[in-house]
């Protein structure tokens, strides 16, 4: 089956987001995100603590600390500080966005979200669709087996 050039690019950016997730110090879950506009990466992020905090995401009980930033929030706030414009861009993220990140995505002007891992809570995806943001799920494992 022939895949479109856009879908090939989507898989490549998702794989890059997955590599970027390896920068996360979080033990429970590592998530990476890239914001792409006109085929250029304009921001990136991974889940972790805010700048200046110790790189420890979990407390002594193994629970994620409440101030840990999600990858999407990290990429969007980094983008805001850079002065780049995210209007009409695409967010590639290794896990489906939660509802809090979905609100940030909507407000930032991102128009398309491509994610690689479904999460049990779907409110974020539902909110994005309600805001007319194009949402696509791509299974990275399917694409990798085709490339071998």
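Here the Cβ of each residue, glycine as well, is placed from N, Cα and C on the backbone.
A quick note: this is a predicted structure, and the numbers were derived from the prediction, not measured.
Feature list (source: TrEMBL):
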- 8-128: domain 'CMP/dCMP-type deaminase' (DOMAIN)
- 70, 98, 101: Zn(2+) binding site (BINDING)
- 72: active site, proton donor (ACT_SITE)
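The average pLDDT for the domain 'CMP/dCMP-type deaminase' (8-128) in the predicted structure is 96. Within 10 Å of the C-beta atom of residue 101 (Zn(2+) binding site) sit 27 other C-beta atoms, taking all shown protein chains into account. Note: the CA-CA distance between residue 98 (Zn(2+) binding site) and residue 72 (active site, proton donor) rounds to 9 Å. The two recorded residues residue 72 (active site, proton donor) and residue 101 (Zn(2+) binding site) have their Cα atoms spaced 6 Å from each other. All protein chains included, residue 72 (active site, proton donor) registers 29 other Cβ atoms within 10 Å of its own Cβ.
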